[in-house]
Amino acid sequence: MRSRRFKMLAKMLAGGFGVMALATTTACAAPRKAPPAPKVPVLAVEDVTTVELKDRIPPHWLVVNDVVFTHLLDGRAYIVDGDKGEYLGMVPGGHSHVGVQFTPDGSHLLMPGTFFARGSRGERTDVITWFALKDLMPGEEVVIPPKRIQSLPLLSSIPLTDDGRFVLIYNFTPEQSMTVVDAEAKSVVGEFETPGCALAHMTGPRSFMMQCADGSLQSGALDESGKITLGATTQPLFEREDPASDKPVRISASRWLFITFAGAVAEVDNASGTPTPGARWKLTGPGEDAWRPGGLQPYTFHAPSGLLYVLMHQGGPGTHKHPGTEIWVFSVASKQRVARLPIETPSTAIEISKDADPLLYTALFGSGTVVVRKPADASVLRKIEGLGNDISVLQAPPVVPAAGPAK
Amino acid sequence: MRSRRFKMLAKMLAGGFGVMALATTTACAAPRKAPPAPKVPVLAVEDVTTVELKDRIPPHWLVVNDVVFTHLLDGRAYIVDGDKGEYLGMVPGGHSHVGVQFTPDGSHLLMPGTFFARGSRGERTDVITWFALKDLMPGEEVVIPPKRIQSLPLLSSIPLTDDGRFVLIYNFTPEQSMTVVDAEAKSVVGEFETPGCALAHMTGPRSFMMQCADGSLQSGALDESGKITLGATTQPLFEREDPASDKPVRISASRWLFITFAGAVAEVDNASGTPTPGARWKLTGPGEDAWRPGGLQPYTFHAPSGLLYVLMHQGGPGTHKHPGTEIWVFSVASKQRVARLPIETPSTAIEISKDADPLLYTALFGSGTVVVRKPADASVLRKIEGLGNDISVLQAPPVVPAAGPAK
Amino acid sequence: MRRFDRAAEYLARSAARSTSRRGFIGRLGALVTATGAATLLPVSRVRAEKAAVPIQVQEEGDPNSCDYWRYCAVDGFLCSCCGGSASSCPPGTEPSPITWLGTCRNPADGRNYVISYNDCCGKAACGRCNCSRDEGASPVYQPTTANDLDWCLGTQVGVAYHCSLSVVTGPAD
Amino acid sequence: MRRFDRAAEYLARSAARSTSRRGFIGRLGALVTATGAATLLPVSRVRAEKAAVPIQVQEEGDPNSCDYWRYCAVDGFLCSCCGGSASSCPPGTEPSPITWLGTCRNPADGRNYVISYNDCCGKAACGRCNCSRDEGASPVYQPTTANDLDWCLGTQVGVAYHCSLSVVTGPAD
């Protein structure tokens with residue numbers, strides 16, 4: 001770096017800049033108070049350094065996605081430390097930013113992005129970029145078909161297979177298809193038509209479920225090369241009057257909870273490769289019909305405890321994006337509510353860390369603030385403020401087995 | 001357009017989209033009140049249209065530049081109607097947006113822009129894009145060397161010659177140079193070194209003055225092909241302790257007022273091709289030393305009346321960007337203040353329309369609001385709100401001789 | 001891209017008032033029905049049109065207000081505030097040829113109309129008159145009534161979303 | 001790119017208080033002098049450095065506050081709030097190899113120091129801890145002390161401005 005510094009100075013002197021530098025050295029003899037007798041040592045001359053993060057992401061760090069609606073081409077993800085309440089850094093997104101995908105070892109973030117040659121116009125390029133957590137620098141990049149869905153952020157539009165081998169990108173043009181990227185070879189496997197069905201909810205290393213317009217679920221599978229074959233389809237599971245949201249919750253490798261706008265829950269298992277509907281229950285009990293889930297990320301599941309956390313508000317149909325004023329906690333096994341926790345700030349996103357001693361996070365779109373809470377009672381542990389414009393979804397990282405040189 | 005519509009529908013039906021469209025037609029038989037007996041005719045089916053503006057920009061329209069500091073790659077200019085207080089449209093800028101240049105006939109806006117292949121990273125491309133006022137669509141584009149200065153907006157970094165023939169782009173890398181673009185041929189003439197000196201203040205169809213680091217002024221001239229030759233240089237006109245701002249005011253074809261941070265005024269004429277200092281005077285009188293000009297666009301000149309309008313505030317050295325709390329009005333001919341007008345909102349930008357019956361405009365950086373005022377007393381005529389994030393400079397268009405099909 | 005700004009509303013109001021449902025419940029009479037009008041998507045036939053086309057004479061209300069009846073299922077920046085109108089795109093933008101549909105009740109005649117929420121495209125977001133009313137809006141896997149989608153598909157100018165129209169395509173009944 | 005946000009301060013305070021000059025006048029003792037330290041521009045020699053380097057033990061004040069003494073001529077987002085520190089760039093950004101200089105008075109020892117305001121570059125603006133103190137800042141035609149300039153020149157990562165450092169390069173006297 002030192003050599004570069006002198007190179008730059010040489011360049012400056014070669015250009016017109018030297019004139020100014022000289023002018024500068026003699027100007028500005030402004031009157032100044034004589035310093036008092038020094039009581040402390042003179043400050044040392046400092047070098048400029050650049051911070052590096054850890055090799056692997058700890059479970060209490062959080063990725064906070066900012067879609068920046070008024071300047072949609074500058075979406076980004078912030079990384080914060082939930083324990084310390086500190087801002088750690090930023091990963092640039094692109095137009096209509098969704099979120100990141102964590103590699104299974106927690107060492108890299110995959111960032112799908114859309115860019116235009118001239119800001120918001122000109123040739124469109126969609127890419128997936130790998131950012132090492134350690135330096136947050138853009139690394140390898142794969143250019144994908146410029147078709148990925150542009151919508152409010154949906155994490156199931158950009159899933160990574162559990163083993164980190166393939167990335168699935170849901171396209172909507174309005175033809176529906178899925179682009180598969182080989183994350184190992186850093187190349188596009190292909191684009192596969194998925195007529196009538198959207199998104200990919202992973203149900204195993206090589207299998208997933210899609211949601212279809214008629215309220216049914218469609219299974220899909222990748223072969224070892226990443227090629228997608230569509231499989232069985234269920235009967236329509238939901239009425240159009242009360243559709244399941246497009247943000248279901250994964251509760252085990254192959255099982256997801258689909259939750260309707262009104263709060264009806266349907267469990268579906270794709271372990272066999274045929275989506276198999278299981279238990280159906282409701283978030284609301286007698287006399288609670290006025291309550292509904294809502295927000296951009298209305299629910300999150302904590303696997304170690306088996307608890308589902310839901311942002312609930314009072315509202316009728318059409319309020320599925322309204323912020324929650326309470327967090328309702330359910331045991332998925334018993335289908336019973338175990339807690340009803342009013343929160344002081346309405347929230348549109350909820351997430352919980354994936355470790356055994358978790359932190360609960362909430363955020364309100366437009367607030368720029370993530371609230372870190374105690375899961376037991378949703379009490380506020382700390383707040384992390386100044387997180388951009390429009391927080392959409394929060395992403396707690398996978399719990400990574402201790403390995404490699406953690407710092 | 002009709003043919004395209006059906007093409008798109010055909011495409012939708014060919015893809016999976018048709019399935020959904022069909023599903024849609026039968027769903028949602030929600031209960032609905034029977035409509036009351038109609039008292040008024042049924043609303044007509046509407047076509048979608050696109051608004052067009054005028055062929056030439058009227059003197060009371062205003063370009064409002066928004067540099068969007070927190071999302072610097074999405075700078076833009078808004079066009080508003082000062083008479084009606086209406087928002088008319090938006091012209092996209094790019095990274096580190098400065099402003100526009102009006103063609104002399106008022107029919108087009110030239111927009112210098114900087115773009116990156118991947119949002120805020122990747123290959124940098126600088127261009128000048130022509131936008132017809134009528135449709136505000138990006139038209140012809142000239143790619144220029146990716147060197148234009150990235151700074152707080154300075155209109156003298158992107159001047160157009162008075163006849164509209166050449167655009168001058170000031171580069172800072174930190175080598176200093178000027179790119180010349182032939183606006184007729186839509187091509188780059190060349191890049192010309194300007195060591196030690198910055199910006200170009202036009203003083204005739206083919207001449208300009210630059211400001212140099214030692215406080216002197218440097219003349220420059222373009223030949224008929226646009227090639228720049230540097231000419232005479234003045235002695236240093238300003239001390240480093242109180243430099244002239246980089247936002248001087250043009251008061252005639254060849255004369256500019258250079259105004260220091262403390263409010264000293266120096267008139268310089270470049271009619272002869274040699275910058276010739278003229279009168280020197282001060283904005284402040286006895287007992288007014290606490291007052292200084294300030295802001296991002298601290299002064300504006302109204303040629304028909306010969307009046308200079310200055311945003312003034314109370315502050316010491318280092319406050320040259322502070323918002324003005326009063327507008328002081330000076331007769332440039334007599335060098336006398338003719339009015340001192342307190343304003344209810346501190347302002348960082350001031351501009352006046354160039355016609356004989358002008359509107360005075362002010363804006364405060366960060367407010368998103370342009371205030372339209374009566375020049376005589378700065379009283380508020382109307383406000384135009386919701387103008388983005390960070391209004392930097394306001395630009396009143398040239399008065400265009402009535403010609404062509406005005407609408 | 002649809003703007004989601006009930007949040008801002010909540011920020012502006014006190015949390016204590018957050019249980020008020022007046023504004024939302026009151027609109028349920030106009031519960032959106034997506035009809036066969038998918039074939040009626042209104043695309044500009046008259047690009048030579050210059051001035052913003054105003055609302056029709058027998059209408060009531062302020063098209064610069066989020067409460068205007070046609071906006072019952074809109075979610076985005078109102079083109080009326082962006083140099084256009086409820087049916088006219090601002091200068092320099094292109095209307096999306098396909099879009100999503102809602103049904104709103106016109107208070108002036110008591111009739112329900114199918115409203116087409118075409119996006120105006122090709123420029124970064126207008127940023128003015130953000131209006132979010134999601135009545136009848138569906139998840140993105142049911143696209144014809146989904147307002148979370150950027151509908152700037154099939155335009156010449158690309159998918160950058162600028163603002164949203166609310167165009168009368170005919171009576172719903 | 002330097003952030004200009006006295007305006008925001010004015011917006012937040014009442015206009016009536018706008019004549020207060022306490023904050024600005026109080027800093028005049030540290031009037032910036034641009035010295036021959038142009039040859040001392042501190043560029044990272046140790047990119048292997050990992051944690052943010054904190055302020056030195058004999059200093060006082062909060063580097064996350066705009067009032068911190070080193071910031072007397074800064075104008076931008078403070079890297080201290082952006083994942084870095086007063087002398088460390090946030091992860092994923094690159095310090096500018098050239099920059100502008102100011103001189104600030106350290107209240108802990110009463111000495112003046114030359115401060116180098118390197119930019120951290122290559123990412124869109126951090127947006128946190130916007131701090132504008134223009135003491136001694138010059139117009140852009142005097143670049144060595146100009147803080148209106150984007151100083152992300154000569155970096156590998158391009159001119160996108162993320163945040164500003166305030167690095168001690170030595171005593172000014």
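Each residue, glycine too, has its Cβ placed from N, Cα and C.
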Annotated companion of D:Asn147, D:Asp148, D:Leu149 at the substrate site, TrEMBL, chosen from D:Asp67, D:Asp75, D:Asp109: D:Asp75
Recorded disulfide counterpart of D:Cys121 (TrEMBL; options D:Cys82, D:Cys89, D:Cys152): D:Cys152
Disulphide partner cysteine [TrEMBL] for D:Cys126, chosen from D:Cys79, D:Cys81, D:Cys82, D:Cys89: D:Cys82
Three-state secondary structure, D:Cys129 (disulfide bond) (per DSSP): coil
Max pairwise CA distance, angstrom, over record-listed substrate binders D:Asp75, D:Asn147, D:Asp148, D:Leu149: 10
Densest Cβ neighbourhood among D:Cys120, D:Cys129, D:Cys163 (disulfide-bonded residues), 10 Å radius: D:Cys120
Candidate recorded positions D:Cys66, D:Cys79, D:Trp100, D:Cys126, D:Cys129, pick with smallest Cα gap to D:Cys152 (disulfide bond): D:Trp100
Cross-chain proximity of recorded positions to A (CB under 8 Å), evaluated over D:Cys66, D:Asp75, D:Cys82, D:Trp100, D:Cys131, D:Leu149: D:Cys82
Site with most surrounding Cβ atoms, counting all protein chains shown within 10 Å, from the recorded positions D:Cys72, D:Cys81, D:Cys89, D:Cys104, D:Leu149: D:Cys89
Stretch-averaged pLDDT - the domain 'Methylamine/Aralkylamine dehydrogenase light chain C-terminal' (D:60-170): 93
Chain B contacts among the recorded positions D:Cys72, D:Cys79, D:Asp148, D:Leu149 (Cβ under 8 Å): D:Asp148, D:Leu149
Packing count at D:Trp100 (tryptophylquinone) (other Cβ atoms within 10 Å of its Cβ): 32
Around the Cβ of D:Cys126 (disulfide bond), the count of other Cβ atoms that are within 10 Å: 30
Coarse DSSP state, helix versus strand versus coil, of D:Asp148 (substrate binding site): coil
